[in-house]
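Peer 1: First, the structure itself, so that you have it in front of you.
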Amino acid sequence: MTRLYNFCAGPASLPDPVLATARDEMLDWHGSGLSLMEMSHRSPEVVGVVQRAEATLRELLGMSDDYAVLFLQGGASTQFAAAPLNLLAEGASADYVNTGQWSKKAIAEARRFGRVNVVASAEDSNFSTIPPQESWQTDPGAAYLHYTPNETIGGVEFSWIPDSAAPLVADMSSTLLSRPLDVSRFGVIYAGAQKNIGPAGLTLVIVHRELLGRAQPLCPTMLDWKTAADNESMYNTPPTFALYLAGLVFEWLKELGGLAAMEAINRRKAGALYAAIDGSDFYGNPVELPSRSLMNIPFTLADPALDKLFLQEAEAAGLLNLKGHRSVGGMRASVYNAVSEQAVAALIAFMQDFEQRRG
Ligand SMILES: *Cc1c(COP(=O)(O)O)cnc(C)c1O
């Protein structure tokens, strides 16, 4: 068996030990004679797995009980609608920061359900910067302030948490669990699982309990966060197997030393890759230095005519999914938690070799 290096933006790499445990437990979970996939979500076994996953997540993030943890489906994209449906009373408006493709989708969806005020946009810089908070045109009456801490496609991220009187709502799909986080600064955090949390099919929402129970009358039951909070994410059938895998990922993180240890590894990985890009005239990254993403690192070749060859040779060398997003072009290496330092070292060695041969 060969495991290749996977730089996919999502669904992304999962830790080898997590996949190995899932393999070992696949047919007979803990001597039960069943696969966990085959069990009722209301069985003590599955309820226990979900409770343990939540407890480990709370421990990793050091989160207070003022926050509800919801395990949902529909991806972060469904939360683009759920946020306004849960938080925007009739006639109210919400503030949004536009820092890239995912912000734009969140804004477009929120506009279907209420008034949206775009407080700042980095579109003029082709999304290579984060607009400083002093420049934001916020509305003092806004129901909430929404932003995207890490723009997965542009590879641009906030190195700071905005100050906000209104509850802060964050799409953390591609950055949650990559480092410690002060959850108490936020009203709502949501994330699709398939970057740093687990397999696709699971969506995580962390919501301050005081924001529950405010949904618009038309909000579907399944999108009302209170439904999930009141039913411990078991109002209907949750994605049990994805939840089990997420729980194993949380335990893997804990064994590694928690989020501070993860951050140190992630900073070494990103630091090495940016140094390789910046140290060469052949490779480039368009993002302003303080706003470069730790998780998603786009890079271009001096001669775009070589892009295809680069990707072909990278794949032949066991380095997969390096093609940049179609809206940006070039390459992108996503170096989420489960992408090892060896994987990044192999990528850098390949890049240097390619430059020598073709540059
Ligand atoms: C991947 C991603 C999404 C989309 O997530 P889905 O779970 O596919 O809906 C949204 N926002 C960000 C920042 C992402 O990285």
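For all residues, glycine too, the Cβ spot is worked out from N, Cα and C.
Unlike curated entries, TrEMBL annotations are predicted automatically.
Sharing the features that TrEMBL gives for it:
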| type | residues | note |
| --- | --- | --- |
| DOMAIN | 5-347 | domain 'Aminotransferase class V' |
| BINDING | Arg42 | L-glutamate binding site |
| BINDING | Ala76, Ser77, Trp102, Thr152, Asp171, Gln194, Asn236, Thr237 | pyridoxal 5'-phosphate binding site |
| MOD_RES | Lys195 | N6-(pyridoxal phosphate)lysine |
Peer 1: Distance between Arg42 (L-glutamate binding site) and Gln194 (pyridoxal 5'-phosphate binding site) at the Cα atoms, whole Å?
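Peer 2: One finds 25 Å between the Cα atoms of these residues.
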Peer 1: Around Ser77 (pyridoxal 5'-phosphate binding site), which residues of its chain at least 6 apart sit with Cβ under 8 Å of its Cβ?
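Peer 2: Listed in sequence order: Lys105, Glu109, Gly192.
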Peer 1: Helix, strand or coil by DSSP: which one applies to Arg42 (L-glutamate binding site)?
Peer 2: coil
Peer 1: Near ligand 1, which of the binding-site residues show up if the criterion is a Cβ under 6 Å from one of its atoms? Options: Arg42, Ala76, Ser77, Trp102, Thr152.
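Peer 2: Passing the 6 Å Cβ check against ligand 1: Ala76, Ser77, Trp102, Thr152.
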Peer 1: Given the model, what does the mean pLDDT over the domain 'Aminotransferase class V' (5-347) come out as?
Peer 2: 97
Peer 1: Between Ala76, Trp102, Asp171, Gln194, which of the binding-site residues has its C-beta surrounded by the fewest other C-beta atoms within 10 Å?
Peer 2: Trp102
Peer 1: Note down the number of other Cβ atoms within 10 Å of the Cβ of Thr152 (pyridoxal 5'-phosphate binding site), including every protein chain shown.
Peer 2: 26
Peer 1: Tell me the Cβ neighbour count for Thr237 (pyridoxal 5'-phosphate binding site), meaning other Cβ atoms within 10 Å of its Cβ, over all protein chains shown.
Peer 2: 10
